[in-house]
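Single-structure report; data block below.
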Protein chains: 2
Amino acid sequence: MENIAQIDQKIQALMWQMRKETLVKMQQPFSIDEKSGRKDLVTTIDKSNEQTIISKIRELDPTAQILGEEGFGDQVNQINGRVWLIDPLDGTMNFVMQQNNFAIMISLYEDGIGVVGYIMDVMNQKLYHGGTNGVFINDQQIEAPANLHLKDALIGISGPLLIDNNHNLQQIARQSRGPRMYGSAGIEFAKVLTGELVGYVSYLRPWDFAAGKILAQALNLQVKTIDGGPLSMLSSNVVLVATERASKEIVTLAN
Amino acid sequence: MENIAQIDQKIQALMWQMRKETLVKMQQPFSIDEKSGRKDLVTTIDKSNEQTIISKIRELDPTAQILGEEGFGDQVNQINGRVWLIDPLDGTMNFVMQQNNFAIMISLYEDGIGVVGYIMDVMNQKLYHGGTNGVFINDQQIEAPANLHLKDALIGISGPLLIDNNHNLQQIARQSRGPRMYGSAGIEFAKVLTGELVGYVSYLRPWDFAAGKILAQALNLQVKTIDGGPLSMLSSNVVLVATERASKEIVTLAN
């Protein structure tokens with residue numbers, strides 16, 4: 001395998017290539033299927049994106065494991081060694097209904113530790129990427145967002161969790177300056193990175209949060225379960241990403 | 001007064017000028033005050049935008065009444081004659097916290113009937129405008145969105161109404177393909193116009209919905225109170241804008 005700086009350049013190029021391909025495929029007919037139900041969609045573009053990404057990563061890093069949302073990767077049962085996580089189209093419902101507010105995400109973990117993460121906001125032409133060496137939007141390095149309190153900012157919360165008031169999230173929303181709901185983990189993680197949201201809470205699978213977790217932690221943001229515990233990288237979690245202050249406040253209110 | 005086509009050209013130019021001025025003012029220091037509380041902000045930019053808009057409209061249409069959010073217009077007690085409604089910065093909370101997802105809105109009513117409406121999505125550089133002669137995004141005329149059912153699409157709902165389950169909105173959200181929450185009436189009306197949302201429900205004041213109502217009705221969308229009644233143009237309403245099908249379904253579920 002090449003060194004991480006070389007790999008990073010190639011994955012960045014891959015993200016821009018995937019963006020371009022997705023924009024082209026969106027203009028052509030594609031099929032939409034339901035996965036677990038009418039609110040959980042998959043398109044032929046999710047699948048073909050994943051196949052392209054996996055084939056490129058196999059070439060770059062042939063001995064790593066690959067965990068992809070659509071199942072074209074490996075059966076990953078342990079997080080040791082190098083593991084690539086892939087969400088080929090995050091926010092598929094938005095992609096289908098809005099042709100906006102969706103992302104492509106890739107990340108690399110080594111022995112469970114995040115190395116590099118990539119979130120491509122396709123329609124806004126913004127690639128959020130980096131790791132411990134800094135976080136960038138395209139070529140511009142960004143600073144850690146202000147360590148705001150919950151009461152002083154907006155919070156992203158997923159619809160089902162807010163409606164069902166799981167983890168006292170209605171009260172948490174009331175204590176903030178307002179809830180927001182965009183329907184894509186990648187887009188909402190990106191808004192926490194830039195400080196547009198003080199935090200985000202949603203029930204997520206590993207490929208939904210893996211890239212965002214690396215970028216968030218590199219900016220001094222906390223990424224935990226809603227109980228304040230560590231995330232499992234191989235199963236679903238109610239994920240909380242937030243500033244250090246808001247994270248403490250939310251975990252207290254939620255438990 | 002000039003004819004409506006001439007006025008329309010001048011208001012379009014004014015909207016682009018206001019966009020440019022707002023982008024400049026955002027880069028300079030501005031003050032933020034609370035109005036009714038910590039979730040209801042006003043900035044010096046809201047105020048200066050309103051003053052600029054009113055002074056231009058006075059010049060174009062000196063005998064009309066002007067109803068502006070920040071109070072620099074007239075005390076409007078009846079909707080007869082020509083009335084201009086102005087929201088100089090819609091989504092002020094987003095403006096302050098996100099520097100995104102806010103709008104500038106102007107509309108003209110004559111004897112209570114909508115003539116022309118304008119919604120400027122400042123950061124996306126999109127002016128939604130028109131009336132019975134058609135609805136345009138910048139120079140491109142748009143078609144009426146598909147007459148979708150609630151169950152087949154996303155719906156915008158304001159945070160407080162969803163959290164408090166007013167009008168059975170939690171059930172309405174569950175029946176849709178998912179709720180979304182963007183925090184700006186102008187931005188959410190725009191998403192209903194383009195079909196990105198099947199509808200939008202929020203407690204709104206006249207300047208929040210006046211422009212959107214004109215554009216929505218010109219595209220065969222229904223704009224009513226959540227009870228299915230007509231909107232008051234001089235007071236607050238729980239406003240529902242939706243496709244004809246979703247509107248019927250939502251009114252039934254809400255009542």
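Note that Cβ sites are derived from N, Cα and C of the backbone, with glycine treated the same way.
Automated prediction, rather than curation, is the source of TrEMBL annotations.
Annotated in TrEMBL:
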type    : residues                            : note
BINDING : A:Glu69, A:Asp87, A:Leu89, A:Asp208 : Mg(2+) 1 binding site
BINDING : A:Asp90                             : Mg(2+) 2 binding site
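All features noted in TrEMBL, drawn onto the structure.
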{"residue": "A:Glu69", "record": "Mg(2+) 1 binding site", "contacts (Cβ under 8 Å, 6+ apart)": "A:Asp46, A:Glu50, A:Ile86, A:Asp87, A:Pro88, A:Arg205, A:Trp207"}
{"residue": "A:Leu89", "record": "Mg(2+) 1 binding site", "contacts (Cβ under 8 Å, 6+ apart)": "A:Thr22, A:Thr43, A:Ile45, A:Asp46, A:Asn49, A:Phe95, A:Phe102, A:Ala103, A:Ile104"}
{"residue": "A:Asp90", "record": "Mg(2+) 2 binding site", "contacts (Cβ under 8 Å, 6+ apart)": "A:Phe102, A:Ala103, A:Ile104, A:Met105, A:Ser184, A:Ala185, A:Gly186, A:Ile187, A:Trp207, A:Asp208"}
Binding-site residues: A:Asp87, A:Asp208 - member with fewest neighbouring CB atoms within 10 Å: A:Asp208
Shell list (Mg(2+) 1; ref centroid = CB of A:Glu69, A:Asp87, A:Leu89, A:Asp208; cutoff 8 A): A:Asp46, A:Ile86, A:Pro88, A:Asp90, A:Thr92, A:Met105, A:Ala185, A:Gly186, A:Arg205, A:Trp207
Where A:Asp87 (Mg(2+) 1 binding site) falls in three-state DSSP terms: strand
